[in-house]
Every structure is written in C-alpha cells, then in structure tokens.
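Before any comments, here is the structure.
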Amino acid sequence: MKNLSDAMHGMKPVLLMTLAQLTFAGVNVSVKLAVSHGMSLKVLIAYRYMFATAFVLPLALIVERKNRPKLTPMIVLQGFLCGLFGGALNQLLYLGCVVVTSATFASAMGNLVPAATFILAVIFRMEKLSLRTMPGKLKLAGTAVGIVGAMTLTFYKGVEFDIWNTHIDLMKIVGRGGGSSASVQPHSSNHLLGAVLGALSCVSYGLWLIIQTKMSERYPCQYSCTALLSVMAAVQATVFALCTERDWSQWRLGFNIRLFTVFYTGALVSGMMISVIAWCVRMRGPLFVSVFNPLMLVIVALASSLLLNERLNVGSLIGAVLIVAGLYIVLWGKGKEMKRLNQLVPIPYNASSSMEAEDCQDRKSIEIVIVNASTQNENESNNKDGDNRIENIARSEYKNHQTSADGHSSKEITRFDSPS
C-alpha cells in the first residue's frame, strides 16, 4: 500500500501537467472560434485575465491566508514581470500566431520553449554552455534542431493531407455569415508573421519560467503567485486594449462563443492551470514543465482536423517532428547533466501551502537536494571523507525526522547551492 502511495505521489506532477496540456489545447480551438465570431484579440485577452483574477484571487486569499509571506517591492516587481511575460504579452504574441496561421502551427512553434529557455538561461548565467561536455553538446544540438524545424515549418509546405476529416467546420457555424471564416484561415503570406509571433511568444514564456522560478523562492505560494500574475496581466491587457481598440461594441459579451471563450481561457486556464504549472515549476523545475508541450501539439492537431476542418501539409509535419526531436535532445542533455549532479541528500521539507502540505505528508516531508557536479570535480581529490561525513549527517537528520511526532520537522532546510 505504501509503494502504491509513493507511486501515486511520484505521478502527481505528470498527471497534473497532462491535464494542463489537455486544457491548453482547448484554448487554441476556442480562440479560433471567438475570433471567427468577430471578437477582438486584445479585448479577449483583457477579459481573459479579468476572469482569471475573479477566479483565483479569492482562492488565494482563503487558502493561503495563514502562510502567505508579506509582499515586498521585489515580489511586486517580479509579479509585474510575470504578468507581462507570462500573461499579457505572451498571450498577445501566441494567440496572434494562432489567428494568422493555424492552431496546429502555433502549437508546433510552442515546442521551441525549452530551446528558448536554455538560450535565456545561458545569457543570464543560470546555465553553462559547457561545449566540451556531452550534455552541453546535446543541449546545443537540440536547440539547433528545433530552430531548423521552425524554419521548415515556416518556409516549406508540400502536399496537403487530412488526419481525420469529418467535414465539420465550427468556424463556419459560429462565424458571422457564411464566408466569415475565410478571413481567418491561414494564408501562405501570414506564415512568416506567425513564425515571428510564435518565436517571440516562446522567448516571453521562457522569461516567465525563469522569473517564476526566482519568485517562488521568495514567495512560495502558487495560488498567490497566480493571483498576482493575473491582476498584473489584467491591468496591462486592459490598458493596452483601451488605448488601441476604438470599437466599444467589442467589449459587449453575450451568451455565445465569446463568453464561453473568455470564461474558459480565463477562469479555467489562466486561473487554475497556471496555478498548477507554477506548482510544478516549483516542485520539478521549468524544464520538466516544458517536456509536456508535444502532447498539446498532438491534441490540437487531432482537434483541429476533427472540429475546424484544418489540413496539414508535409512541411508542417516535418517541421513539427524536428521541433519535438530538438525538444527531447535538449532534455536528453539535461538528463545527462543531472546524472553528473549525483550527490543526493534527503532533507526535511517545510510545507508552505495546503497543496504542498498534502504533498509533504505523502512523502514524509523529504526533498532531494542536488550538489553541483562542478564543485565535486574541483574537490575530487579530497572529497571522499567529506562525502562520508555528509552522508552520515544526512542519515542522522533523516532518522531524527522520521521519529518526530507528526512526521514534520521545524528545522531550517539546508541546501547545497550551485556556485553559479
């Protein structure tokens, strides 16, 4: 029974990320339908984060009222940047790519996020290029393969084909008039613009992942982080929409696809699912989150063929395969790098939210901390005694932790941080 519980705990981030990708796939389809109905994309994004704020802010105030750290100017600044790069700007770029190309094209471009995150991490010195090592070569090769795939997706088309044609086109059903959907169908002249928007959205998303990781260290409350992101994004998107959208009728919502889209993308996706991603980033890191992006591509391709009557072409297929291959080459390199960081120390874990408290109870408040391999290599000649001493201390603390009355420890967490 204990083994089953441990296995379920280990699968929790995987199941949550799978659910998140299923939910995100619905965004591409619903946004296509809303724009086909004539809704302004800028107004849609503003409403999206208004709904997200209305959903997640009360949740954060109730669930994390006892253990939420005090807001500081640095946390507010990080929240503003998260709202910009992970919210308003990112969605304006990504959904713009969806509108001018296709849902499948945009999903394929989204798989460049790990490559963009790796490049940004190198620029900000959070990662080392390490071209003399196999992990460094793999990450660089994966990034290059992903870029080649994006270029193939953009500039090469080839023969068109259907995955599963049902002759159903919801865009014609919800569009204002019989030919309205033609205005939002992808054209060859729009693929270059769509590729630029998609690539910039990946850079924006990568910046959000990096800032979110830093913010979680100071403000480890996923609901409050999401609420802060939603509030900032709602203000930013609303101000931008008011300044650029002159048609006030665009702000009118009725009981139609517009209301469904802003509620779905706001309350469910930007509200709940971003909380899930923030938690997964904190538990497993930004690279773990990025590995699930190809799942969304498969779901969107199937849904677009079934519901939007979209056709794929050989160039899209080859480009998507190359992008996904580049993604997993980067992750392969990261996995090899993690194997080099082979000093594992079990430590007590101090839960800071209700979800983390449940997670903490499931695994007896134990977290794995990794020692940087470069530090080990520099001290390789004299680290055997130190390793034994660290192992003995860790075992002693772990035994003391297990014998505590409630399975939790009040000791402060000791971390072996990377020199970088």
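Glycine is no exception: its Cβ is also placed from the backbone N, Cα and C atoms.
Unlike curated entries, TrEMBL annotations are predicted automatically.
Predicted, not measured: the structure shown is a model, and the values here were computed from it.
Here is what TrEMBL says about this protein:
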COMPBIAS  381-400  compositional bias 'Basic and acidic residues'
COMPBIAS  408-420  compositional bias 'Basic and acidic residues'
DOMAIN    12-150  domain 'EamA'
DOMAIN    193-331  domain 'EamA'
REGION    377-420  region 'Disordered'
TRANSMEM  44-63  transmembrane segment
TRANSMEM  75-93  transmembrane segment
TRANSMEM  105-126  transmembrane segment
TRANSMEM  138-156  transmembrane segment
TRANSMEM  192-211  transmembrane segment
TRANSMEM  223-242  transmembrane segment
TRANSMEM  262-281  transmembrane segment
TRANSMEM  288-308  transmembrane segment
TRANSMEM  314-333  transmembrane segment
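On the 0 to 100 pLDDT scale, the model's mean across the domain 'EamA' (12-150) is 89. Between the transmembrane segment (192-211) and the transmembrane segment (75-93), the number of CB pairs under 8 angstroms, six or more residues apart, is three or more, so the stretches are in contact. Under DSSP, the residues of the domain 'EamA' (12-150) split into helix, strand and coil as follows: 112 helix, 0 strand, 27 coil. Between the transmembrane segment (105-126) and the transmembrane segment (314-333) there are at least 3 Cβ pairs closer than 8 Å, counting only pairs 6 or more residues apart in sequence, which means the two stretches are in contact.
When each of the listed stretches 44-63, 138-156, 223-242, 262-281, 288-308 is scored by C-beta pairs under 8 angstroms to the transmembrane segment (314-333), 138-156 comes out highest. Summarised by DSSP class, the composition of the domain 'EamA' (193-331) is 119 helix, 2 strand, 18 coil. Distant neighbours of the transmembrane segment (138-156): 105, 108-109, 111-112, 114-115, 118-119, 127, 129, 131, 191-192, 194-195, 198-199, 314-316, 318-334, 336-337; these residues of the same chain sit at least 6 beyond its ends, with a Cβ under 8 Å from one of its Cβ atoms.
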